[in-house]
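Colleague: Following this message is one structure expressed as C-alpha cells.
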Amino acid sequence: MEKFDYIVIGGGSGGIATANRAGMHGAKVLLIEGQHLGGTCVNVGCVPKKVMWNAAQLRENLLLDASSYGIDVSLEKFEFSQLVNNREAYIERLRGLYDSGLASNGVTVVRGYARFTSNDIIEVNNQTFTAEHIVIATGGQSKLPDIPGKELGIDSNGFFDLTELPKRVAVVGAGYIAVELAGVLNGLGSDTHLAYRKAMPLRSFDQTIVEAMVSIYEQEGIKMYPNSTPQAVEKLADGTLKLSFENGQSLEVDQVIWAIGRKPNIEAINLEQTSVKLTDKGYLRVDDYQETDQKGVYAIGDITGKAELTPVAIAAGRRLADRLFNGQTDAKVDYNNIPTVVFTHPPIGTVGLTESAARELHDDTQLTIYTSQFNPMQYALQERKVKATVKLICLGKEERIIGLHGIGIGMDELLQGFAVAIKMGATKHDFDTTIAIHPTAAEEFVTLR
Ligand SMILES: Cc1cc2nc3c(=O)[nH]c(=O)nc-3n(C[C@H](O)[C@H](O)[C@H](O)COP(=O)(O)OP(=O)(O)OC[C@H]3O[C@@H](n4cnc5c(N)ncnc54)[C@H](O)[C@@H]3O)c2cc1C
Ligand SMILES: NC(=O)c1ccc[n+]([C@@H]2O[C@H](COP(=O)([O-])OP(=O)(O)OC[C@H]3O[C@@H](n4cnc5c(N)ncnc54)[C@H](O)[C@@H]3O)[C@@H](O)[C@H]2O)c1
C-alpha cells in the first residue's frame, strides 16, 4: 500500500487548491478525482455560468441599448450551439491548466471514486493508499423535488448540457442558481418563468435589494410566480411540459429547471468506516480548523455546508495545507464579512449583515441605514432604464459599516474593494471623505446622505 503525506479526495475548487499548496510546501500528495478536474465551479458552476451571463448581457446590450447610441445591430442569427461549443472548449483548456499545475507541484493524480476502508486507508480502483492527513473535498450535487414527473425536468448540470435554447422555460427555486439561470435565459431570449415557494426569492439577502431585483426582473419580462410550490410535471402529447403548483396554478413550457438547493456528496465515500460525524443538516462536521471528529481527517468546501462559494473552498484548502505542512499553526478561514455576488441581470453585490440581521443583533437606535436608487449613466440615452439600488448599514455613533448591498451594473466588479475596506473596519466618515470617481455607479457608495 503506497503511503502519502496527504490524500485529497475530490479535485474541485477546494481539493486542487489544498493539493497544490501542500505540494508547494514539499508534501507528498495524492489527489483523487472521480470526474473532471476543476469540480463544480469550472465544469458546471461559476465558469460556464459566467460565460452564459456574459453572453446574455452582451445580447441585451446589443438588442436593447445599442440603437440609442446610434449603433445599428441586426440580431438575425444567434447560434446557441456555437456559444456552448466555445464555452466548452474554454473549459477544456482550463482543465488542462489544472493538470499541468498539479504536475508542476509534484501532486500525483489518480482518476476514480475514492472511499474509506478505515480511518486512514482510502480505496480507489481496487488500489489502497494511506496518509497521515486525509482531506475530504467532494462537494455537492443538486437536490430534486420529491414529486411526480421530477425526472422530466433538468438541474443546473442539465442546463449546461443544453445545445438548444428552450423557447419557454420554467426555473423552480429561490436561491442563487434559480435567479441566475432565470436572468441568463431571459437575456438570451427564452420566454422565462421563475417560480418560488415564498413571497420573495433570495430570502437571506437584504430585502431592499431583493425587491429591486424582483421589479427589474418583472420589467425585463421574466414572469414571476411567488407562493408557488411545485406539485407535479407531466408531458403533454405535443411534448410540452405542464408544471403544476400546489396553489392550483400551472404553466406550460418546453423545459423545467430545478434549482431548489444542493446536498453534500457523502454517500459514496463510506464514512461508516470512519469516526467522522455529520451536522444535523447532513454536512461534514468540522471545527474552525477544518478538522472532523476523526483526528487526521479534514473537510473543506461545500461538503462542510459553510458559505458554499469557490473562494471559500480555496481559502480553506490553502490555509489547511499551510497549517499542516508549513507550520502556520493558526491558519484558518475567517467566515465573517465574506463578499458575494449573485449574477442576476444586473448583478447583486453584498457583504456583511442585511438590515434584518442587523436589527436582530443590535438595538435600532444603534443603526443608521442609507439607501439610494438611481438610473446608471449606461441608460442615459435610452428609454429603457434598469435602476440601481445601493444600501449601507452602519453601527453606532462612529457609523462603522457592517453591511453593504447593491444591485446594478458593475456591482460585481466594484464589491471586492469595498469588502477590503469593510474588513478593515471602515466607517461612513471614511467613505464620505474618499473622493468619488465620476461618473460611476460606485461613487454612490461614498456620496450617500
Ligand atoms: C450552477 C452553479 C453556479 C455557481 N456559481 C458560483 C459562482 O459564481 N461563484 C462562486 O463562488 N461559487 C459558485 N458556485 C459554487 C461553487 O461551485 C462551489 O462552492 C465550489 O465548487 C465548491 O468547491 P468544492 O471543492 O467544495 O467542491 P466541488 O468543486 O464540487 O468539487 C468536488 C469534486 O469532488 C469529486 N468527487 C466527489 N466524490 C468523489 C469521490 N468519492 N472520489 C473522488 N472524487 C470525488 C467531484 O467529481 C468534484 O470534482 C456555483 C455552483 C453551481 C452549482
Ligand atoms: N454567484 C455565486 O456565488 C453562486 C451561484 C450559484 C450557486 N452558489 C452557491 O451554491 C449554493 C447552492 O445554490 P442553490 O441556488 O442551489 O441553493 P440555495 O440553497 O441558495 O437555494 C435553494 C432554494 O430553493 C428553495 N427550495 C427548496 N426546496 C424547494 C422545493 N421543494 N420547491 C421549491 N423550492 C425549494 C429554497 O427555499 C431555497 O430558497 C448557494 O447557496 C451558493 O452558496 C453561488
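Placed from the backbone N, Cα and C atoms, the Cβ positions cover glycine too.
Automated prediction, rather than curation, is the source of TrEMBL annotations.
Quick paste from TrEMBL:
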type     : residues                                                               : note
ACT_SITE : His438                                                                 : active site, proton acceptor
BINDING  : Lys50, Asp302                                                          : FAD binding site
BINDING  : Gly173, Ala174, Gly175, Tyr176, Ile177, Ala178, Val179, Glu180, Gly261 : NAD(+) binding site
DISULFID : Cys41-Cys46                                                            : disulfide bond
DOMAIN   : 4-317                                                                  : domain 'FAD/NAD(P)-binding'
DOMAIN   : 338-448                                                                : domain 'Pyridine nucleotide-disulphide oxidoreductase dimerisation'
Colleague: Tell me, if you would, which residue among Gly173, Gly175, Gly261 (binding-site residues) has the fewest other CB atoms within 10 Å in the structure shown?
Modeller: Gly261
Colleague: Given the binding-site residues Lys50, Gly173, Ile177, Val179, Gly261, return the subset with CB under 6 A from an atom of ligand 2, ordered by sequence, or none if empty.
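Modeller: Within range of ligand 2: Gly173, Ile177, Gly261.
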Colleague: Please list, in sequence order, every residue of the chain apart from Gly173, Ala174, Gly175, Tyr176, Ile177, Ala178, Val179, Glu180, Gly261 whose Cβ lies within 8 Å of the Cβ centroid of the NAD(+) site.
Modeller: Leu181, Pro201, Leu202, Ala259, Ile260
Colleague: Who sits close to Asp302 (FAD binding site): which same-chain residues at least 6 apart have their Cβ under 8 Å from its Cβ?
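Modeller: Gly14, Thr40, Gly139, Gly140, Arg262, Pro264, Glu308, Ala313 - these are the non-local Cβ neighbours of Asp302 (FAD binding site), listed in sequence order.
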Colleague: Drop a 10 Å sphere on every Cβ of the recorded positions Lys50, His438 and tell me which sphere holds the fewest other Cβ atoms.
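Modeller: The recorded positions Lys50, His438 were compared, and His438 has the fewest Cβ atoms within 10 Å.
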Colleague: Kindly assign Gly175 (NAD(+) binding site) to one of the three DSSP-derived states: helix, strand or coil.
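Modeller: For Gly175 (NAD(+) binding site) - judged by DSSP and reduced to three states - the answer is coil.
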Colleague: Helix, strand, coil: count each for the residues of the domain 'Pyridine nucleotide-disulphide oxidoreductase dimerisation' (338-448), based on DSSP.
Modeller: 36 helix, 33 strand, 42 coil
Colleague: Taking only the Cα atoms, work out how far Gly261 (NAD(+) binding site) lies from Cys46 (disulfide bond), in Å, as a whole number.
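Modeller: Just about 15 Å between their Cα atoms.
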Colleague: What recorded positions among Cys41, Gly175, Ile177, Val179, Gly261 have a C-beta sitting less than 6 Å from any atom of ligand 1?
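Modeller: Passing the 6 Å Cβ check against ligand 1: Cys41, Ile177.
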Colleague: Let's check the environment of Cys41 (disulfide bond): how many other CB atoms sit within 10 Å of its CB?
Modeller: 25
Colleague: Counting only other Cβ atoms and using a 10 Å cut-off, which of the recorded positions Cys46, Ile177, Val179 scores lowest?
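Modeller: Result for the recorded positions Cys46, Ile177, Val179: minimum number of other Cβ atoms within 10 Å at Cys46.
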Colleague: At the level of the C-alpha atoms, what whole-angstrom distance separates Lys50 (FAD binding site) and Val179 (NAD(+) binding site)?
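Modeller: Lys50 (FAD binding site) and Val179 (NAD(+) binding site) have their Cα atoms 13 Å apart.
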Colleague: Between Val179 (NAD(+) binding site) and Cys41 (disulfide bond), find the distance joining the two CA atoms and give it rounded to the nearest Å.
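Modeller: With distance taken Cα to Cα, Cys41 (disulfide bond) is 17 Å from Val179 (NAD(+) binding site).
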